[in-house]
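The structure appears below as C-alpha coordinates.
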Amino acid sequence: LVLRPGSRQQDALSSGNGLALASDPGGTLNFLAMVENLQGDSGRGYYLELLIGTPPQALNILVDTGSSNFAVAGVPDPDVTSYFNTELSSTYKSQGIDVTVKYSQGSWTGVLGTDVITIPKGIYGSYTINIAIILESENFFLPGVKWQGILGLAYSTLAKPSSSVETFFDSLVRQAKIPNIFSLQMCGAGLPVSGNGTNGGSLVLGGIEPSLYKGDIWYTPIKEEWYYQVEILKLEVGGQNLELDCREYNADKAIVDSGTTLLRLPEKVFIALVQAIARTSLFMEFSSGFWTGSQLACWDKTERPWSLFPKLSIYLRDENSSRSFRISILPQLYIQPILGLGENLQCYRFGISSSSNALVIGATVMEGFYVIFDRAQRRVGFAVSPCAEVDGSPVSEIEGPFTTADVASNCVSSVSFHELWIASYALMSLCGIILLVLIIRLLIPPRCQHGYTDNDVVNDESSLVHHRWK
(Lines of atoms letter the chains of each structure in order from A; the text may use other names.)
(Lines give C-alpha, C1' and ligand atoms only; values in the text may rest on other atoms or scores of the structure.)
Protein backbone atom coordinates (compact mmCIF):
# COMPACT_ATOMS: atom_id res chain seq x y z
CA LEU A 1 0.00 0.00 0.00
CA VAL A 2 1.50 3.30 -1.13
CA LEU A 3 -0.07 6.53 0.05
CA ARG A 4 0.35 9.84 -1.73
CA PRO A 5 0.74 12.79 0.66
CA GLY A 6 -2.49 14.70 0.90
CA SER A 7 -4.50 12.03 -0.91
CA ARG A 8 -8.07 11.27 0.14
CA GLN A 9 -7.02 7.67 0.84
CA GLN A 10 -4.28 8.81 3.20
CA ASP A 11 -6.77 11.06 5.01
CA ALA A 12 -9.09 8.09 5.40
CA LEU A 13 -6.39 5.92 6.89
CA SER A 14 -4.81 8.46 9.20
CA SER A 15 -6.43 9.51 12.44
CA GLY A 16 -3.49 10.97 14.30
CA ASN A 17 -3.63 8.19 16.88
CA GLY A 18 -0.82 5.96 15.71
CA LEU A 19 -2.96 3.90 13.34
CA ALA A 20 -1.27 0.71 12.21
CA LEU A 21 -2.01 0.09 8.54
CA ALA A 22 -3.21 -3.22 7.16
CA SER A 23 0.03 -3.57 5.21
CA ASP A 24 2.15 -3.25 8.35
CA PRO A 25 2.85 -6.86 9.44
CA GLY A 26 4.45 -5.68 12.66
CA GLY A 27 1.59 -3.41 13.66
CA THR A 28 -0.91 -4.00 16.45
CA LEU A 29 -3.75 -3.95 13.93
CA ASN A 30 -4.03 -6.21 10.92
CA PHE A 31 -7.14 -5.10 9.07
CA LEU A 32 -6.80 -7.82 6.45
CA ALA A 33 -7.35 -10.37 9.21
CA MET A 34 -10.72 -8.73 9.88
CA VAL A 35 -11.96 -9.05 6.29
CA GLU A 36 -14.98 -11.38 6.11
CA ASN A 37 -15.17 -11.79 9.89
CA LEU A 38 -18.97 -11.43 9.71
CA GLN A 39 -21.68 -13.79 8.57
CA GLY A 40 -25.41 -13.32 8.15
CA ASP A 41 -27.98 -11.66 5.94
CA SER A 42 -30.07 -8.50 5.99
CA GLY A 43 -33.14 -10.40 7.16
CA ARG A 44 -31.62 -11.77 10.34
CA GLY A 45 -28.61 -9.59 10.90
CA TYR A 46 -24.83 -9.83 10.56
CA TYR A 47 -22.90 -11.40 13.41
CA LEU A 48 -19.33 -11.65 14.69
CA GLU A 49 -17.79 -14.58 16.56
CA LEU A 50 -16.48 -13.68 20.02
CA LEU A 51 -14.73 -15.81 22.63
CA ILE A 52 -15.99 -14.96 26.12
CA GLY A 53 -14.67 -16.03 29.53
CA THR A 54 -12.00 -18.43 30.81
CA PRO A 55 -11.86 -20.99 29.31
CA PRO A 56 -13.34 -19.25 26.26
CA GLN A 57 -16.90 -19.92 25.12
CA ALA A 58 -17.63 -19.12 21.46
CA LEU A 59 -20.79 -17.14 20.65
CA ASN A 60 -22.09 -15.34 17.58
CA ILE A 61 -22.96 -11.71 18.35
CA LEU A 62 -25.23 -9.43 16.28
CA VAL A 63 -23.43 -6.25 15.17
CA ASP A 64 -25.69 -3.27 15.95
CA THR A 65 -24.74 0.38 15.49
CA GLY A 66 -28.11 1.47 16.90
CA SER A 67 -27.67 0.44 20.54
CA SER A 68 -24.92 0.49 23.14
CA ASN A 69 -25.14 -2.58 25.39
CA PHE A 70 -23.12 -5.75 24.90
CA ALA A 71 -25.47 -8.55 25.96
CA VAL A 72 -25.46 -12.32 25.56
CA ALA A 73 -27.83 -15.17 26.32
CA GLY A 74 -27.03 -16.43 29.81
CA VAL A 75 -29.55 -19.26 30.12
CA PRO A 76 -30.94 -21.84 27.69
CA ASP A 77 -33.52 -20.52 25.24
CA PRO A 78 -35.48 -22.47 22.62
CA ASP A 79 -34.39 -20.03 19.91
CA VAL A 80 -30.64 -20.02 20.59
CA THR A 81 -28.23 -22.85 19.90
CA SER A 82 -25.84 -21.94 22.71
CA TYR A 83 -25.44 -19.52 25.60
CA PHE A 84 -22.77 -18.10 27.89
CA ASN A 85 -22.55 -20.15 31.08
CA THR A 86 -21.10 -17.79 33.70
CA GLU A 87 -20.48 -20.67 36.13
CA LEU A 88 -17.94 -22.16 33.72
CA SER A 89 -15.88 -18.96 33.49
CA SER A 90 -13.28 -18.32 36.21
CA THR A 91 -12.94 -14.67 35.14
CA TYR A 92 -16.63 -13.68 35.18
CA LYS A 93 -17.59 -11.15 37.85
CA SER A 94 -21.16 -10.11 38.48
CA GLN A 95 -21.79 -6.45 39.27
CA GLY A 96 -25.19 -7.28 40.75
CA ILE A 97 -26.89 -4.54 38.72
CA ASP A 98 -30.19 -5.37 37.02
CA VAL A 99 -30.60 -4.10 33.48
CA THR A 100 -33.57 -4.14 31.14
CA VAL A 101 -33.68 -3.03 27.53
CA LYS A 102 -37.12 -2.82 25.99
CA TYR A 103 -37.54 -2.54 22.23
CA SER A 104 -40.68 -1.76 20.31
CA GLN A 105 -40.96 -5.43 19.36
CA GLY A 106 -38.98 -7.25 22.01
CA SER A 107 -37.08 -6.93 25.25
CA TRP A 108 -34.58 -8.61 27.51
CA THR A 109 -33.73 -8.46 31.20
CA GLY A 110 -30.48 -9.48 32.79
CA VAL A 111 -27.65 -8.57 35.11
CA LEU A 112 -24.46 -6.63 34.44
CA GLY A 113 -21.08 -8.24 34.88
CA THR A 114 -17.57 -8.23 33.44
CA ASP A 115 -15.46 -10.85 31.71
CA VAL A 116 -12.60 -11.15 29.27
CA ILE A 117 -13.22 -11.40 25.53
CA THR A 118 -11.08 -12.12 22.52
CA ILE A 119 -12.01 -11.60 18.87
CA PRO A 120 -10.68 -14.46 16.70
CA LYS A 121 -10.82 -12.30 13.55
CA GLY A 122 -10.26 -8.93 15.21
CA ILE A 123 -7.64 -7.08 17.18
CA TYR A 124 -5.00 -9.07 19.02
CA GLY A 125 -5.29 -9.71 22.77
CA SER A 126 -7.87 -10.21 25.53
CA TYR A 127 -9.83 -7.37 27.10
CA THR A 128 -12.13 -6.95 30.10
CA ILE A 129 -15.56 -5.82 28.95
CA ASN A 130 -18.90 -4.96 30.53
CA ILE A 131 -21.38 -7.65 29.58
CA ALA A 132 -25.09 -8.01 30.29
CA ILE A 133 -26.15 -11.60 30.93
CA ILE A 134 -29.64 -12.06 29.47
CA LEU A 135 -31.77 -14.09 31.89
CA GLU A 136 -35.20 -13.43 30.41
CA SER A 137 -36.30 -12.20 26.98
CA GLU A 138 -39.42 -11.70 24.94
CA ASN A 139 -39.39 -11.64 21.13
CA PHE A 140 -35.66 -10.93 21.17
CA PHE A 141 -34.21 -14.26 20.08
CA LEU A 142 -36.42 -15.38 17.20
CA PRO A 143 -36.58 -18.72 15.36
CA GLY A 144 -33.87 -19.12 12.78
CA VAL A 145 -31.38 -16.55 14.05
CA LYS A 146 -27.82 -17.76 14.33
CA TRP A 147 -26.62 -15.28 16.92
CA GLN A 148 -26.80 -15.47 20.71
CA GLY A 149 -26.15 -11.88 21.74
CA ILE A 150 -25.98 -8.29 20.60
CA LEU A 151 -22.97 -5.97 20.27
CA GLY A 152 -24.12 -2.37 20.62
CA LEU A 153 -21.62 -0.04 18.92
CA ALA A 154 -23.40 3.30 19.47
CA TYR A 155 -22.42 5.87 22.12
CA SER A 156 -22.57 5.37 25.89
CA THR A 157 -25.46 7.85 26.05
CA LEU A 158 -27.75 4.97 25.06
CA ALA A 159 -26.26 2.40 27.44
CA LYS A 160 -28.54 0.88 30.08
CA PRO A 161 -29.12 1.24 32.95
CA SER A 162 -27.06 4.45 32.59
CA SER A 163 -24.45 6.11 30.43
CA SER A 164 -21.83 5.29 33.07
CA VAL A 165 -21.66 1.74 31.68
CA GLU A 166 -18.58 1.73 29.47
CA THR A 167 -19.42 0.33 26.06
CA PHE A 168 -17.66 -2.55 24.33
CA PHE A 169 -15.92 -0.33 21.79
CA ASP A 170 -14.97 2.36 24.32
CA SER A 171 -13.30 -0.40 26.36
CA LEU A 172 -11.33 -1.57 23.32
CA VAL A 173 -10.21 1.97 22.51
CA ARG A 174 -9.03 2.50 26.10
CA GLN A 175 -7.40 -0.88 26.73
CA ALA A 176 -6.02 -1.78 23.30
CA LYS A 177 -5.18 1.85 22.50
CA ILE A 178 -6.71 1.60 19.04
CA PRO A 179 -8.01 4.66 17.15
CA ASN A 180 -11.59 5.63 17.92
CA ILE A 181 -12.96 4.48 14.57
CA PHE A 182 -14.51 1.36 13.11
CA SER A 183 -15.91 0.45 9.70
CA LEU A 184 -18.52 -1.98 8.44
CA GLN A 185 -19.24 -3.83 5.22
CA MET A 186 -22.26 -6.14 4.78
CA CYS A 187 -22.29 -8.28 1.63
CA GLY A 188 -25.87 -9.39 1.04
CA ALA A 189 -26.87 -7.34 -1.99
CA GLY A 190 -29.39 -9.18 -4.17
CA LEU A 191 -29.31 -12.33 -2.04
CA PRO A 192 -32.34 -13.81 -0.24
CA VAL A 193 -32.91 -11.96 3.02
CA SER A 194 -33.88 -15.16 4.80
CA GLY A 195 -31.28 -17.37 3.21
CA ASN A 196 -28.69 -19.63 4.79
CA GLY A 197 -27.06 -16.78 6.68
CA THR A 198 -23.59 -17.38 5.25
CA ASN A 199 -23.15 -14.12 3.35
CA GLY A 200 -19.89 -12.39 4.13
CA GLY A 201 -19.20 -9.11 5.82
CA SER A 202 -16.45 -7.24 7.64
CA LEU A 203 -16.22 -5.31 10.90
CA VAL A 204 -12.89 -3.48 10.98
CA LEU A 205 -12.06 -2.28 14.49
CA GLY A 206 -9.66 0.64 14.74
CA GLY A 207 -9.58 1.86 11.17
CA ILE A 208 -10.29 1.39 7.47
CA GLU A 209 -9.31 -1.46 5.13
CA PRO A 210 -8.69 -0.15 1.57
CA SER A 211 -9.71 -3.41 -0.14
CA LEU A 212 -13.27 -3.01 1.15
CA TYR A 213 -14.16 0.07 -0.90
CA LYS A 214 -13.83 1.65 -4.33
CA GLY A 215 -13.35 5.32 -5.18
CA ASP A 216 -13.51 8.11 -2.61
CA ILE A 217 -14.90 8.13 0.91
CA TRP A 218 -17.50 10.88 1.44
CA TYR A 219 -18.04 12.05 5.00
CA THR A 220 -21.06 13.61 6.69
CA PRO A 221 -20.91 15.08 10.23
CA ILE A 222 -22.41 13.28 13.21
CA LYS A 223 -25.02 15.73 14.49
CA GLU A 224 -25.26 14.26 17.97
CA GLU A 225 -23.34 11.48 19.70
CA TRP A 226 -25.97 9.04 20.89
CA TYR A 227 -27.15 7.17 17.83
CA TYR A 228 -25.07 7.91 14.75
CA GLN A 229 -27.30 10.83 13.86
CA VAL A 230 -26.73 12.49 10.49
CA GLU A 231 -28.43 15.21 8.43
CA ILE A 232 -30.49 14.27 5.36
CA LEU A 233 -31.03 17.10 2.89
CA LYS A 234 -33.31 15.54 0.28
CA LEU A 235 -34.46 12.33 -1.41
CA GLU A 236 -34.82 11.62 -5.11
CA VAL A 237 -36.72 8.90 -6.93
CA GLY A 238 -35.53 8.24 -10.46
CA GLY A 239 -33.68 11.56 -10.38
CA GLN A 240 -36.78 13.52 -9.33
CA ASN A 241 -36.71 15.44 -6.03
CA LEU A 242 -39.52 14.56 -3.59
CA GLU A 243 -39.78 18.32 -2.96
CA LEU A 244 -40.32 18.01 0.80
CA ASP A 245 -39.04 20.41 3.44
CA CYS A 246 -35.69 18.95 4.51
CA ARG A 247 -36.82 18.97 8.14
CA GLU A 248 -39.30 16.23 7.25
CA TYR A 249 -36.39 13.86 6.59
CA ASN A 250 -34.88 14.50 10.02
CA ALA A 251 -38.03 14.31 12.17
CA ASP A 252 -37.14 13.63 14.82
CA LYS A 253 -33.77 12.19 13.85
CA ALA A 254 -31.97 10.43 11.00
CA ILE A 255 -29.57 7.65 12.00
CA VAL A 256 -27.28 5.01 10.48
CA ASP A 257 -28.10 1.66 12.03
CA SER A 258 -26.91 -1.82 11.06
CA GLY A 259 -29.43 -3.38 13.47
CA THR A 260 -32.39 -2.31 11.35
CA THR A 261 -33.16 -4.39 8.29
CA LEU A 262 -35.03 -1.82 6.21
CA LEU A 263 -34.72 1.77 5.08
CA ARG A 264 -37.28 3.35 7.42
CA LEU A 265 -38.80 6.73 6.59
CA PRO A 266 -41.03 9.14 8.52
CA GLU A 267 -44.63 8.54 7.45
CA LYS A 268 -44.99 11.68 5.33
CA VAL A 269 -41.71 10.92 3.53
CA PHE A 270 -42.67 7.26 3.07
CA ILE A 271 -46.01 8.16 1.45
CA ALA A 272 -44.35 10.63 -0.92
CA LEU A 273 -41.66 8.11 -1.85
CA VAL A 274 -44.14 5.30 -2.56
CA GLN A 275 -46.21 7.62 -4.73
CA ALA A 276 -43.09 8.67 -6.64
CA ILE A 277 -41.98 5.05 -7.16
CA ALA A 278 -45.47 4.09 -8.35
CA ARG A 279 -45.45 6.99 -10.84
CA THR A 280 -41.96 6.15 -12.07
CA SER A 281 -42.26 2.36 -12.20
CA LEU A 282 -43.01 0.55 -15.45
CA PHE A 283 -46.36 -0.92 -14.44
CA MET A 284 -49.82 0.53 -14.10
CA GLU A 285 -51.23 -1.11 -10.98
CA PHE A 286 -49.65 -2.67 -7.93
CA SER A 287 -51.04 -4.04 -4.68
CA SER A 288 -50.94 -1.57 -1.76
CA GLY A 289 -50.08 -4.51 0.49
CA PHE A 290 -46.67 -4.76 -1.18
CA TRP A 291 -45.77 -1.20 -0.17
CA THR A 292 -46.93 -1.69 3.44
CA GLY A 293 -45.08 -4.99 3.86
CA SER A 294 -48.15 -7.20 4.26
CA GLN A 295 -47.79 -8.88 0.85
CA LEU A 296 -45.01 -10.19 -1.35
CA ALA A 297 -44.79 -9.70 -5.11
CA CYS A 298 -43.85 -12.70 -7.21
CA TRP A 299 -42.43 -13.02 -10.71
CA ASP A 300 -41.30 -15.91 -12.86
CA LYS A 301 -37.77 -16.92 -11.86
CA THR A 302 -36.53 -16.12 -15.35
CA GLU A 303 -37.57 -12.47 -14.92
CA ARG A 304 -35.60 -9.70 -13.27
CA PRO A 305 -38.23 -7.30 -11.84
CA TRP A 306 -35.58 -4.77 -10.83
CA SER A 307 -35.72 -3.19 -14.29
CA LEU A 308 -39.26 -2.03 -13.48
CA PHE A 309 -38.21 0.18 -10.56
CA PRO A 310 -36.27 3.48 -10.27
CA LYS A 311 -33.04 4.38 -8.51
CA LEU A 312 -33.31 6.02 -5.06
CA SER A 313 -30.91 8.74 -3.88
CA ILE A 314 -30.29 10.17 -0.41
CA TYR A 315 -28.46 13.51 -0.12
CA LEU A 316 -26.27 14.03 2.96
CA ARG A 317 -24.57 17.22 4.07
CA ASP A 318 -20.83 17.18 3.43
CA GLU A 319 -18.26 18.20 6.05
CA ASN A 320 -18.15 21.47 4.10
CA SER A 321 -21.68 22.55 5.02
CA SER A 322 -22.17 24.39 1.72
CA ARG A 323 -21.84 21.10 -0.16
CA SER A 324 -23.64 17.78 -0.21
CA PHE A 325 -23.19 14.34 -1.73
CA ARG A 326 -25.65 11.61 -2.59
CA ILE A 327 -25.68 7.90 -1.98
CA SER A 328 -27.85 5.97 -4.42
CA ILE A 329 -29.23 2.46 -4.38
CA LEU A 330 -30.59 0.55 -7.34
CA PRO A 331 -33.77 -1.56 -7.04
CA GLN A 332 -31.66 -4.68 -6.48
CA LEU A 333 -31.18 -3.40 -2.91
CA TYR A 334 -34.73 -2.36 -2.03
CA ILE A 335 -36.73 -4.95 -4.02
CA GLN A 336 -35.49 -7.93 -2.04
CA PRO A 337 -35.80 -11.64 -2.93
CA ILE A 338 -37.27 -13.48 0.01
CA LEU A 339 -39.11 -16.64 -0.97
CA GLY A 340 -39.19 -19.12 -3.82
CA LEU A 341 -42.51 -20.76 -4.69
CA GLY A 342 -42.10 -24.06 -6.46
CA GLU A 343 -39.85 -24.22 -9.46
CA ASN A 344 -41.18 -21.20 -11.30
CA LEU A 345 -41.78 -18.24 -8.97
CA GLN A 346 -39.49 -15.94 -6.98
CA CYS A 347 -41.15 -13.61 -4.48
CA TYR A 348 -39.86 -10.22 -3.33
CA ARG A 349 -40.56 -7.77 -0.54
CA PHE A 350 -40.34 -3.98 -0.40
CA GLY A 351 -37.21 -3.07 1.58
CA ILE A 352 -38.58 0.26 2.80
CA SER A 353 -41.12 0.93 5.57
CA SER A 354 -42.72 3.83 7.39
CA SER A 355 -41.50 4.95 10.81
CA SER A 356 -43.27 6.86 13.56
CA ASN A 357 -40.22 8.72 14.81
CA ALA A 358 -37.04 8.41 12.73
CA LEU A 359 -35.40 8.02 9.36
CA VAL A 360 -33.22 4.94 9.68
CA ILE A 361 -30.56 4.06 7.14
CA GLY A 362 -30.60 0.30 7.76
CA ALA A 363 -29.24 -2.75 5.97
CA THR A 364 -31.31 -2.08 2.83
CA VAL A 365 -28.99 0.88 2.13
CA MET A 366 -25.88 -0.15 4.07
CA GLU A 367 -25.41 -3.31 2.00
CA GLY A 368 -24.46 -1.02 -0.87
CA PHE A 369 -21.62 0.70 0.93
CA TYR A 370 -18.56 0.48 3.12
CA VAL A 371 -19.58 2.63 6.09
CA ILE A 372 -16.97 4.30 8.33
CA PHE A 373 -17.93 5.33 11.86
CA ASP A 374 -15.20 7.87 12.56
CA ARG A 375 -15.93 8.74 16.17
CA ALA A 376 -12.59 10.52 16.60
CA GLN A 377 -13.53 13.13 14.00
CA ARG A 378 -17.28 12.94 14.64
CA ARG A 379 -18.30 11.87 11.15
CA VAL A 380 -19.76 8.96 9.20
CA GLY A 381 -18.20 8.03 5.87
CA PHE A 382 -19.64 6.23 2.85
CA ALA A 383 -17.79 4.57 0.00
CA VAL A 384 -18.99 2.17 -2.69
CA SER A 385 -18.59 -1.45 -1.61
CA PRO A 386 -17.04 -3.90 -4.13
CA CYS A 387 -19.40 -6.63 -2.91
CA ALA A 388 -22.48 -4.52 -3.76
CA GLU A 389 -22.97 -6.18 -7.13
CA VAL A 390 -25.76 -8.26 -8.64
CA ASP A 391 -25.10 -10.28 -11.79
CA GLY A 392 -21.73 -8.56 -12.05
CA SER A 393 -23.09 -4.99 -12.06
CA PRO A 394 -22.80 -2.42 -9.23
CA VAL A 395 -26.05 -1.65 -7.38
CA SER A 396 -24.88 1.43 -5.46
CA GLU A 397 -23.34 4.79 -6.34
CA ILE A 398 -21.87 7.86 -4.66
CA GLU A 399 -21.72 11.22 -6.42
CA GLY A 400 -20.84 14.78 -5.46
CA PRO A 401 -20.23 17.46 -4.54
CA PHE A 402 -23.49 19.34 -4.98
CA THR A 403 -24.46 22.78 -3.73
CA THR A 404 -26.75 23.12 -0.72
CA ALA A 405 -28.10 26.50 -1.84
CA ASP A 406 -31.52 24.96 -2.46
CA VAL A 407 -31.96 23.62 1.11
CA ALA A 408 -32.10 25.15 4.57
CA SER A 409 -28.84 25.86 6.37
CA ASN A 410 -29.94 23.49 9.14
CA CYS A 411 -32.39 20.64 8.51
CA VAL A 412 -32.23 19.36 12.09
CA SER A 413 -34.35 20.91 14.83
CA SER A 414 -32.29 23.12 17.13
CA VAL A 415 -33.81 21.34 20.11
CA SER A 416 -33.59 17.63 19.46
CA PHE A 417 -35.85 14.95 20.84
CA HIS A 418 -32.86 13.71 22.81
CA GLU A 419 -32.36 17.07 24.51
CA LEU A 420 -36.06 17.22 25.37
CA TRP A 421 -35.79 13.71 26.81
CA ILE A 422 -32.85 14.75 29.00
CA ALA A 423 -34.77 17.78 30.30
CA SER A 424 -37.84 15.66 30.99
CA TYR A 425 -35.76 13.04 32.74
CA ALA A 426 -34.08 15.67 34.92
CA LEU A 427 -37.46 17.09 35.90
CA MET A 428 -38.84 13.63 36.68
CA SER A 429 -35.74 12.86 38.74
CA LEU A 430 -36.25 16.01 40.80
CA CYS A 431 -39.88 15.12 41.40
CA GLY A 432 -38.84 11.60 42.30
CA ILE A 433 -36.37 12.81 44.91
CA ILE A 434 -39.01 15.00 46.53
CA LEU A 435 -41.47 12.12 46.55
CA LEU A 436 -38.86 9.77 47.97
CA VAL A 437 -38.18 12.13 50.88
CA LEU A 438 -41.90 12.17 51.67
CA ILE A 439 -42.11 8.37 51.55
CA ILE A 440 -39.08 7.92 53.79
CA ARG A 441 -40.86 9.98 56.40
CA LEU A 442 -43.72 7.49 56.44
CA LEU A 443 -42.10 4.10 56.17
CA ILE A 444 -38.91 2.16 55.69
CA PRO A 445 -38.62 1.56 51.93
CA PRO A 446 -38.38 -2.00 50.63
CA ARG A 447 -35.37 -3.12 48.61
CA CYS A 448 -35.36 -1.13 45.39
CA GLN A 449 -35.60 -3.14 42.19
CA HIS A 450 -35.04 -1.81 38.69
CA GLY A 451 -38.20 -2.04 36.56
CA TYR A 452 -39.49 -0.79 33.26
CA THR A 453 -39.78 2.94 32.73
CA ASP A 454 -40.34 4.87 29.55
CA ASN A 455 -36.65 5.75 29.60
CA ASP A 456 -35.72 2.09 29.19
CA VAL A 457 -37.34 1.96 25.79
CA VAL A 458 -35.31 2.13 22.60
CA ASN A 459 -38.43 3.30 20.88
CA ASP A 460 -37.54 3.59 17.21
CA GLU A 461 -37.13 -0.16 16.59
CA SER A 462 -33.58 0.56 15.52
CA SER A 463 -31.56 -1.61 17.80
CA LEU A 464 -32.72 -5.02 16.74
CA VAL A 465 -33.49 -6.67 13.43
CA HIS A 466 -37.29 -6.41 13.69
CA HIS A 467 -38.41 -6.52 10.08
CA ARG A 468 -36.89 -9.88 9.30
CA TRP A 469 -39.31 -11.55 6.92
CA LYS A 470 -43.02 -12.05 6.63
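Count begins at 1; order follows the chain as displayed.
Even glycines carry a Cβ here, placed using N, Cα and C.
The record in TrEMBL lists a disulphide bond between Cys187 and one of Cys347, Cys387, Cys411, namely Cys387. Looking up Cys246 in TrEMBL gives a disulphide bond whose other cysteine, out of Cys298, Cys347, Cys411, is Cys411. Cys298 is paired in TrEMBL with Cys347, the candidate among Cys347, Cys431 named as its disulfide partner.
The recorded positions shown are Asp64, Cys246, Asn320, Cys347, Cys411; of these, the one with its CA atom nearest the CA of Cys187 (disulfide bond) is Asp64. Sequence-distant neighbours of Cys347 (disulfide bond) (same chain, 6+ apart, CB under 8 A from its CB) are Leu296, Ala297, Cys298, Pro337, Ile338, Leu339, Gly340, Leu341. The two recorded residues, Asp257 (active site) and Cys246 (disulfide bond), show a Cα separation of 20 Å. Comparing Cys387 (disulfide bond) with Asp64 (active site), their Cα atoms are 20 Å apart once rounded.
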